[in-house]
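Feature annotations, courtesy of TrEMBL:
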| type | residues | note |
| --- | --- | --- |
| TRANSMEM | 54-77 | transmembrane segment |
| TRANSMEM | 97-114 | transmembrane segment |
| TRANSMEM | 144-166 | transmembrane segment |
| TRANSMEM | 178-197 | transmembrane segment |
| TRANSMEM | 287-308 | transmembrane segment |
| TRANSMEM | 328-345 | transmembrane segment |
| TRANSMEM | 365-386 | transmembrane segment |
| TRANSMEM | 406-428 | transmembrane segment |
| TRANSMEM | 449-474 | transmembrane segment |
| TRANSMEM | 494-518 | transmembrane segment |
Amino acid sequence: MAYYGISTNLIIFLTKKLHQGTVASANNVTNWSGTVWIMPILGAYIADAHLGRYRTFLIASAICLTGMGLLTLAVSLPSLKPPPCLDVNKGNCKPASTLQLAVFFGALYMLALGTGGTKPNISTIGADQFDEFHPKEKAQKLSFFNWWMFSIFFGTLFATTILVYIQDNVGWSLGYGLPTIGLAISILIFVAGTPFYRHKLPTGSPFTKMASVIVAAVRNWRLPLPNDPKELHELGFEEYAKQGAFRIDSTPSLRFLNKAAIRRGSSDSWKLCTVTQVEETKQMLRMIPVLICTFMPSTMLAQTHTLFIKQGTTLDRSIGSHFQIPPASLAAFVTISMLLSVVIYDRLFVKIMQRITKNPRGITLLQRMGIGMILHVLIMIIASRVERHRLDVARQNGQVGNASGQALPLTIFTLLPQFMLVGVADAFTEVAKIEFFYDQAPESMKSLGTSYSMTSIGIGNFLSSFLLSTVSSITHKRGNGWIMNNLNASHLDYYYAFLAVLSAINFFLFLLISKFYVYKAEVSGSIKVLADELKDKKLKPFGEKHTHT
């Protein structure tokens, strides 16, 4: 609620209250969002290496709360805002002072710092509560991330409806004050559950572990690998049991890294690593090509709280004679469609696909991600066609060069299909992404693995800023700007078509990478038990009871 209560309507605050232009405000939104989603790498490192997930989350929550409080002050005190200005061309308005910008953006980035510690750790703490070695709990864990996202989007729904309406029609002070209070309450609820949690201790820096494997492999590159992987350096099972860790067998993929475990009479960790360390490093490296392919879907996602919202400001937002829909409230339809899609996916789609594929998940995580990527291509094609229609209406009504801000005679619900489809795509791509990076990360690096999914969104936002600035600059120099302050004189339809082409190229690259991806071995036999039960259901006559020993 706190994050989306700010990000959803941030572009409106920057343009209307801080008097920034379309490109500058959109880039400020995506740069801040990018930072919010990049910072989890730092939070994951601190949790896995030093403080543990629980303590990292608590400290980061306190930073978040401080940032939200300061942000509420920044939008409340008149001295921290420039004087009101109704001119559509924000270049004619008095800009915000250096002090005003410093306080507002300082608070925003303090919140970004705090979310770096909360985002990668709270979902990981939740998933840690399920026992990998208990088949029933493992089955519940397969649905955990679906319901995790479901609960998140309830907060998002409140933010994109009630909070956005309050910000636009009542005041920004109350609109930011409510999520601040909500954040404080949520921290108290989390703390109250402390005695019931399963806590996992930090196991050392994941970056140091991976770096030592790479350095040791390079140092040993001249040494021949033994034919039998059992000749490589490894500790006994009892050593891992003492640490509550898992031993991993050697695999043939990324074979060069196996040289880090060649015994050479040295105990230096930068010359000799265990097979388990090598395999953990492989697991993190194998996910990087998949991570790169998730950047473009995250770039598409950035449009929903920037350009899609700006489009809404040009359309007829009235319902009846008195009520005006806040443009950012259209994001609520992303949430609603996502909530419905998650329920249908978990309760219907998975059940049908389990019968066909005998996979406890229904389909693989990469297949689920791929379906979402196909939907992203479709979203940008639809957005391009809808924008072309909006521009036609502007031309027909002589409003192309009109910078008065008068709404077009076209309902804001024209944008509804692209917002609704984003929610459906999220139910596939975003849920699969967070589950994939958590599931495929080694046990000692779960927070870092989860941060991969956040990093994807962060880089996607920065990529959105880069593409928007570059395309705007190039097309403006050629005399036919695609993205200008006056959207009726712009060509967002071309820009959306360009993003659709990039998304399609990215999808085919993802297909190629998925074909060669090797899933990590399960640390327990629970998933095999669940798969065997699905096979048993098909083999046994209808109506006969199913038992499994």
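Every residue, even glycine, has its Cβ placed from backbone N, Cα and C.
Note that the coordinates shown come from a computational prediction; the quantities given were computed from them, not determined experimentally.
Under 8 Å from some Cβ of the transmembrane segment (494-518) lie the Cβ atoms of residues 251, 253, 286, 289-290, 293, 295-297, 299-300, 303, 307, 366-367, 369-370, 373-374, 376-377, 380-381, 383-384, 387, 467, 471, 482-483, all in the same chain and six or more residues away from its ends.
Tertiary proximity for the transmembrane segment (144-166) is limited to same-chain residues at least six positions away from its ends with a CB under 8 Å from its CB atoms, namely 1, 3-5, 8-9, 123, 126-127, 130, 174-175, 178-179, 182, 326, 328-332, 334-336, 338-339, 342-343, 345-346, 426-427, 430-431, 434-435, 438. Among the listed stretches 54-77, 328-345, 365-386, 406-428, the one sharing the most Cβ pairs under 8 Å with the transmembrane segment (97-114) is 54-77. Recorded stretches compared: 54-77, 328-345, 449-474; the one with the most Cβ pairs under 8 Å to the transmembrane segment (406-428) is 328-345. Only residues 6 or more beyond the boundaries of the transmembrane segment (54-77), in the same chain, are considered here, and those with a CB under 8 A from a CB of the stretch are 2, 6, 13, 17, 43, 46-47, 100, 103-104, 106-118, 121-122, 125, 172-173, 175-177, 179-180, 183-184, 187, 190-191, 194, 197, 199. Of the ranges 178-197, 287-308, 449-474, the one with the most Cβ pairs under 8 Å to the transmembrane segment (328-345) is 287-308. Through the fold, the transmembrane segment (178-197) approaches residues 1-2, 5-6, 54, 57-58, 61-62, 64-65, 68-69, 71-72, 122, 125, 129, 155, 159, 163, 166 of its own chain, all at least 6 residues removed from its boundaries and within a Cβ separation under 8 Å.
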